[in-house]
Structure formats: C-alpha cells, structure tokens
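A.B. asks: Next up is a structure, given as structure tokens.
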Ligand SMILES: [Mg+2]
C-alpha cells in the first residue's frame, strides 16, 4: 500500500503510554518474504504447516472453515489480535459474551491486542472506552489505534527533527497522539465550522511550514480543510500525505454503515493526485511493531476481524492465521461467494464461539 520506507529504517519510539522506549520499524514484513495478496494466495510454508490439515484443505479448495471446535484454533495460537468495531463492540454496544471470551483467553495464558483503524480516539481515549464497557483488564499497551500509528510513523521518520508542523484533518485522537510525542500541529478540531467566502482575487493563506498532512476520520470535514490540505500538499515542497486508514465504511452506530475515512482520504487524493502513506490496517506497520517489541512468532498469531479487505488481508499479508467474525460488516453469503478471493483460516458467528 502506501508505505515505501526501507526496512532498514529504525528508530527508538517513545511509548508515551508506557513511558518506555521501544524499537519501531516499517517495512519489515516486506523484507521477511511473507507478504501475499488476495489474488496470489502465496503463503509461507512454515505457517501452512502450523494450520490444521482440515483448514488447509478447505482453503486450498477455495472454501472457508467454520470453527466448530474452539480447540482447533486455540491450540495453534499464542496471541490474538482483535479488531474492535464489529468484533468487540458495535458502536457503543459490547458484543455478547466478549468479557467471558477475553477472560478465558487470558486465563489460558494467551496475549491479546486490540487494533483499530478508528483514529477518532487516542490510546488513552480507547482505554476509557474499554473500561466504560466493563473491560477493566485492558492495558494501554494492548491498544493499537491508527491515531497512534500516525504518531509512530512520524517518530519513525524523525519528523520532529525537521522543525515542521502537521496539518490535521481528523478528530481529537490524532491531536492527543501528536501532543504526546511533542509534534506541533494545526487544523483538526480548530478548523471545524470554517467557511470559505469566495470573492474575486481571494486566496486562502496557508502555512508553508506544514511538512505533513494527516487525514483521519473527521465528522467536521469541510471545504476549508480540504483546500488547506490541498495547498500544503501541492505547494509545500516535500509535504507528506498520511492516511490513518482507507476504510470505505465504518460502524458509528449499530443501526447502519457510515462513510469511513476512505471518503476523507479520497477527497484529498482527488485534489492532489497523490496516494497517501497508509499507517493503519492493512499496512504492516502495527504488526511489525508488535512482532519486534514483544518478540512474537508470526505463525502463532491470529488476526480476528470482521472485514475481509482490511482485517483478514492484514493478517494474511503479515503471515498470521486469520479468523473472520460475522458479527460486523461481512455476511456469510459474501464470505462464501465465488467473487470473494480473501479466505480466512476460520470463521465464526461471533468470538463467543471461542468458548
Ligand atoms: Mg471492524
């Protein structure tokens, strides 16, 4: 996707939540030779060997295996990476039996992480959501939001040393993460409600010190923000265009699908002709961070998500096992249709099936 950094680029990432330094690198998955696309179906031999014979034969036949014996999955996995929207919760409603599933996994010695493409909250903000839903055991270092990924990318690329600032299209999550790493920013919530009054000879002034535009989900996006981002990217030499994610739709409520950050990033792509650097799923950034920081073996990790083109592809591109849950945006009909080329190792009605 948009990441083009060399795998040799490495920096010490200051983990603001934990207050510890941690190595952070981009592109390691590409270097490891385990990337795959939905169409090629290439899969590392070591990983295939760790899948059950039944699961492999199902996948080889272009079929998906519904998990009916939880031990089939639990025996193969040390680490579960859960997408949040559509897996743990829908909007502000916790999905049934999630606390029992997480308690069971922790009691069995499994590591759990929560990865979300939603950039509207920082890790601190997400911790508050987990606690408010009764998931008291959640630790800040278990949470990987795309707002955090955007800040981590700036750390990786030593953006702060450039002396430049960031223009934000997005909400408070990105603002808080940039504050935590001490990168100056403008825009975001402070540009909500701004209007452009066009008259002869009018030009919108913009800051030539903006060295990156970060585009995340923004319920207050407006023409002022789009024009400001366009000016920074098109007129400031070297200005980066970073997207937290490119999700087409998202779950703002549990009543319908809502236009996702693909809409905001698409607006900026449309007026600049530039492809963004993607930091959320399905880019390898977050999984590389986990593998490196926690010393986890990829083949013993299972990505659990509700979306084929981000969650399951994210798992497959990074050499992980994958499990689709039908509790979110993907129907069983879509999963099993001949048109779908992205096949998870397993699927479940909801993660309650792990019990
Ligand atoms: Mg989801």
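The backbone N, Cα and C atoms fix where each Cβ goes, glycine too.
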A.B. asks: Based on TrEMBL, name the residue from 254, 288, 306, 309 that is recorded for the same Mg(2+) site as 83, 85.
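C.D. replies: My reading of TrEMBL gives 306 as the candidate in that site.
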A.B. asks: How would DSSP class residue 306 (Mg(2+) binding site) in three states?
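C.D. replies: In three-state terms, residue 306 (Mg(2+) binding site) counts as coil.
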A.B. asks: Going along the chain, which residues six or more apart from residue 306 (Mg(2+) binding site) have their CB under 8 A from its CB?
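C.D. replies: Result: 83, 85, 86, 87, 324, 325, 326, 327, 328, 329, 330.
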A.B. asks: Given the recorded Mg(2+) site (83, 85, 306), which additional residues of the same chain have their Cβ within 8 Å of the Cβ centre, ordered by sequence?
C.D. replies: 84, 86, 87, 88, 116, 251, 305, 307, 311, 325, 328, 329
A.B. asks: Go through the recorded positions 83, 85, 281, 306 and pull out the ones with a Cβ less than 6 angstroms from some atom of ligand 1.
C.D. replies: 83, 85, 306
A.B. asks: Identify which of the active-site residues 83, 85 has its Cβ surrounded by the largest number of other Cβ atoms within 10 Å, counting every protein chain shown.
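C.D. replies: In terms of Cβ crowding, the pick is 83.
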